[in-house]
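Annotated features, as they stand in TrEMBL:
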BINDING   Glu153, Asp184, Gln210, Glu258  divalent metal cation binding site
DOMAIN    327-453  domain 'VOC'
DOMAIN    480-624  domain 'VOC'
Amino acid sequence: MSPEPAVLADPAAPFAATRPRTAVATVCLSGTLEDKLAAASTAGFDGVEIFAPDLIASPLSPADIGARCADLGLSVDLYQPLRDIDSTDDARFAANLRRAGATFDVMAGLGADTVLLCSSVSPDAVTDDDRLAGQLHRLAEHAAARGMRIAYEALAWGRHVGTWDHSADVVARADHPALGLCLDSFHILSRGSDPSGIADVPGEKLFFLQLADAPQLTMDVLSWSRHHRLFPGQGEFDLPAFLEPVLAAGYRGPLSLEVFNDVFRQADPVRTAVDARRSLLALAEATARRDTGHHAGTDPVAVAAPELGGHAFVELRGPERPVAEAEAAAAAGAAADPGPDGPDLGTVLRALGFARTGVHRSKPVTRYEQGAARILVNSGAEDDPGADTSHGSGGSTTTAIAALALESADPQSSARRAQRLCAPLLPRRHGPGEADLAEVAAPDGTSLFFCRTDAPDGAGWAGDFVPTGERPGPGTGVTAIDHVGLTQPYDVFDEATLFYRSVLGLAPCADGEFAAPFGLVRSRALADDARRVRLALTVSLLRRGEWAPGVSDPQYIALATDDVVATARAARAAGAPLLEIPANYHDDLDARLEPPPERLAAFRELGVLCEADAQGSYLQVCTELLDGRLFLALVQRVGGHDGFGWSDAPVRMAAHRRRRLARSTGG
């Protein structure tokens, strides 16, 4: 379960003079028109585009809707759409003008002065540019008489006009001050059109701008547009390169979003609106920071993402065995009586070579360390306010990742950046003299901390722990946290991508899909340039059927080692519950890669999975699931391999399933 969306009256209010005006089309959001307007206002938008079907379905009159918008602090920047106006049939064109007049009546009630006119897709669309320009001129005269404007947009699938430059030529031919252009990034970029020429369009002819991102898909453009648009920063379009010539031409209207997306139109509208506004702020920042010599607008964030130094710690929520019992189990060289839900967390960490180095002064949290890898275990009850629990377990009683703490060169700047990107700081309880870490919630509910472990004057988070007297030794060879893997709820995968890109300054470094035992899984990895912080996000492509016995929202921590065979062998000798991999996998590995016989034998013995490409290889050994959801992985990167072992994920998932079944039956 994800956290409730925060109410954001305007998280960037002190910077309102420098940030661009923002707007969102009501078609982007779920719910009734009233729901959508309230969500847009809560998220801090300046204005909205009213989508005609939303208005038609509302019991409010246009005047009432306009008044509601004013009460919410929203301007009505656009009414849309006006379709199929031009016609080769003069009688039909006359009827279309009368229809446009009714639209102007609605706009007058709303208080809107601009309407979106789409290029025609009708069989009777005018195909002669001069005749088309003449009809648009007449329409513009009708609009001007009402004090209104027509923003003409080239639909990518328009019958005659389908490109921005063609629409610009028609508008120039029409030559009327009440007729201008609406530029839509999807319609332009989906066709592969070059937007650089927009810089030469007279600024007074750029009436409106609609922004949308999208994944690169091979399908008809209409279906692509209606179902797969995304907010800026969530897809693969180069939107800063698109926006820059628009601003260079002199466009000064709002940055507005028109995103048709099946997931967004089912999700909480406030949450979607917050995500939407974050995307525009991040886009404006990215555009302003382009060093191309053109006017690129102002930076609304004004706080660059501080350099990240790695994972300070990962906090797990889950039960921890009493120290004496855990030490006895470790001394016995066994993870001890795992029970139906898997082995005890603290015992497994000890078997993997971690030392129990500290206990929190005021909270039920224990610190484990090995090399530069630090894992905190929070055994407080989820509903205990004194435990200061994080959100990541989502109310689950199973062991789960509750928080990620990242080393920031400037934690306070990281926190300010998060706030300006619509991620408010969360309230936290801390005792006298304890570190006051800045905390925000990621889209899946995982808490995110910004900190400096080496903060001067002992002000770092590590000072909150009373040493146990146990010092970290060489352990089993774990050196650091390589990355963290988080399964995302179905409806927040794209939101999470944007969150980590914008708030942390990470960039996507890998995308993939694989056929898991119980359905297709989509994966995306993000990292900083230095690869000190890596996150691997996964999501089921379709909602899981109730019959599917897969793990609910699996998570993992990948622990780096320079020698996965030696580390795994030492961990197994200490009782770590390593996952068994079937012989068929290593037979296939032998056929594909032909590792040396002694190397292959070690892989078979220890359950090593091996993904290889031209740059190198990624070796991993996984533990069994701990308490049903979490596992740990020992990973070694060889050469320049930058992947995450996704090609081996189906094998690992099937092995985890077999082990869970065996435990449930006492095997």
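In case you wondered, yes, glycine gets a Cβ from its N, Cα and C as well.
Overlay of TrEMBL feature records on the structure.
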| residue | record | DSSP (3 states) |
| --- | --- | --- |
| Glu153 | divalent metal cation binding site | strand |
| Asp184 | divalent metal cation binding site | strand |
| Gln210 | divalent metal cation binding site | strand |
| Glu258 | divalent metal cation binding site | coil |
If you run through the domain 'VOC' (480-624) with DSSP, how many residues end up as helix, strand and coil?
46 helix, 55 strand, 44 coil
Other residues with Cβ within 8 Å of the Cβ centroid of Glu153, Asp184, Gln210, Glu258 at the divalent metal cation site?
Leu116, Cys182, Leu183, Ser185, Phe186, His187, Phe208, Leu209, Leu211, Ala212, Ser256
Tell me which residues of the chain lie with their Cβ under 8 angstroms from that of Glu153 (divalent metal cation binding site), as long as they are six or more apart in sequence?
Leu116, Leu117, Cys118, Ser119, Ser167, Leu181, Cys182, Leu183, Asp184, His187, Gln210
Just to be sure I understand the packing, how many Cβ atoms besides its own are within 10 Å of the Cβ of Glu258 (divalent metal cation binding site)?
29
Across all chains shown, how many C-beta atoms besides its own are within 10 angstroms of the C-beta of Asp184 (divalent metal cation binding site)?
24
Arithmetic mean of per-residue pLDDT over the domain 'VOC' (480-624):
92
